[in-house]
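K.L.:
Supplied in structure tokens, the structure appears directly below.
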Amino acid sequence: MENVRNGVSDGGIKDVSRSDFPNDFVFGVATSAYQIEGARREGGKGDSIWDVFSENKDNIVDKSTGDVAVDHYHRYKEDIELMAKLGFGAYRFSISWARIFPDGLGTKINEEGVTFYNNLINFMLEKGLQPFATLYHWDLPYNLHTTIGGWLSDKIADYFALYAEACFANFGDRVKHWITINEPLQTSVNGYGAGIFAPGKCTDAIKDPFLAAHHQLLAHAAAYKVYKEKFKATQAGEVGLVVDCEWAEAFSDKPDDVIATARRFDFHVGWYLDPIFFGDYPETMRKRLGDHLPNFSERDRENLRNSVDFVGLNHYTSRFISHVETPREIHFYQVQEMKRNEIYPSGEAIGDRAASEWLFIVPWGLRKTLNHISKQYNHPKIYVTENGMDEEDSELEKLELHERLNDTKRVGYFKGYIAAVAQAIKDGADVRGYFAWSFLDNFEWAQGYTKRFGLVYVDYKNGLTRHPKASAIWFSHFLKGEGSVY
Ligand code: PNW
């Protein structure tokens, strides 16, 4: 039964058990290379834009870096063993481009980097975890930034295709699920617009995000084409793209708010998925951005069309969207003429807040997001590639270690959101897997180590030791099909 609060349904989300999902539904955990590996100068790795960005202490709130991170590079066996012990069936990790091609140019492969990922993948398989590999989780080889301008260059797609090809050739006999790019929107808007992510503000904060997005799409399509033409027949794997998408609920049923909500989706996911499923950017973007939005050639369109075997969805939170009149500046947010509200029209909060100021806990939003993507793009195969919440390190610091592990709020988050996935499957969405973000506490980009998203606590002050939190234990019971202990 669905409950309605302030005119908005709770999606009928209650309790959940493993048997609400098909047997072959994949449950995994997710991480990314820069956030966990460390070993910045080991194994022949080149610098990435994040290595250099975090050297500037103004860029990271606690002035930290990923130089050591949580040392997964050296502790990967311990980490994978723990994942397997908890009962997970898959691990979504990312490959550091600069470990494979230190200067990004695709000419000299770094054998030590290849060996590291071979060891990682082999160990995963030995422990019964399916590898889901992301090729690009924000750590562009720095040399590609300084020499060609990174994602602003139309040459980048060729370099990305060379890198993708090297990964398919070296790892594709064992990796059957590939993600080309993680959340291209965050790179475009935060990396090339706002400047809060690497590489930091560039030359034209208005045009650059749209150019960076365009080139990420073309790079994705180029990698997909390489796989299809050279590897698919022998390796029989799948290649997808990961987008991030909040749920956007119309603030009221006034036509202006309803239209603003649709526009919000266009600018958020339509920006990336419309070119793939329909051959061009959404009309609402074209109309508002004019020449600031690049054009696709016929060849681009052909390469992009249907260039995903699955859609990866990173989902954390929801907002109510209302229409606002703003000066129609060609700025990513202003041009959308909408406001993201954290309250119901009645004034009640949309959900409890996690540590990050953008993260409100709204389980029903995931059900609606999955159904929206399913309907909008003709029922694609979907993996939830990230979902999770954070806690504030400074708050946990005040507690004893065993108390820090008692993350009951996170247990509630996962129960609610996983139940929402089960509901979406019942509604008809073709969801094949779910990955919790993140396995370990880690380097949370501009927030450094101040925010903890892990199922496993990392003791930064005591040798980076790992301590499973209550949420990890909850998962282990859930995955075994045992009743919840919380
Ligand atoms: C994701 N937002 O990014 C990333 O893929 C992860 O690497 C990251 O650690 C995780 O979310 C948690 O932040 C996002 O502000 C970061 O809406 C911020 C937003 C969305 C996605």
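Using N, Cα and C of the backbone, Cβ positions are placed for all residues, glycine too.
Curation plays no part in TrEMBL annotations; they are all automatic predictions.
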K.L.:
Which one, Asn182, Asn190, Asn371, Asn378, is listed by TrEMBL in the same substrate site as Gln35, His137, Tyr316, Trp437, Glu444, Trp445?
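P.N.:
Within the candidate list, TrEMBL flags Asn182.
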K.L.:
Within 8 Å of the Cβ centroid of the substrate site residues Gln35, His137, Asn182, Tyr316, Trp437, Glu444, Trp445, which other residues of the same chain have their Cβ?
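P.N.:
Everything else in range on the chain: Ser32, Glu386, Ser438, Phe453.
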K.L.:
Looking only at Tyr316, Trp437, Trp445, which of these binding-site residues has the biggest number of Cβ atoms within 10 Å around its Cβ?
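P.N.:
Within the set of binding-site residues, the most crowded position is Tyr316.
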K.L.:
Just checking the binding-site residues Gln35, Tyr316, Trp437, Trp445: which sit within 10 A of Glu386 (active site, nucleophile), CA to CA?
P.N.:
Tyr316, Trp437
K.L.:
Among Gln35, His137, Asn182, Tyr316, Trp437, Glu444, Trp445, which the record lists as binding substrate, how far apart in Å are the two most distant Cα atoms?
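P.N.:
Binding-site diameter by Cα atoms for substrate: 18 Å.
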K.L.:
In sequence order, which same-chain residues at least six apart have a C-beta under 8 angstroms from His137 (substrate binding site)?
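P.N.:
Spatial neighbours, sequence-distant, of His137 (substrate binding site): Ser32, Ala33, Tyr34, Gln35, Ser94, Asn182.
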K.L.:
Where does Trp445 (substrate binding site) sit in the DSSP three-state scheme?
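P.N.:
Assignment for Trp445 (substrate binding site) reads helix.
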K.L.:
Three states by DSSP: which one describes His137 (substrate binding site)?
P.N.:
coil
K.L.:
Write down the Cα-Cα distance for Glu183 (active site, proton donor) and Glu444 (substrate binding site), rounded and given in Å.
P.N.:
15
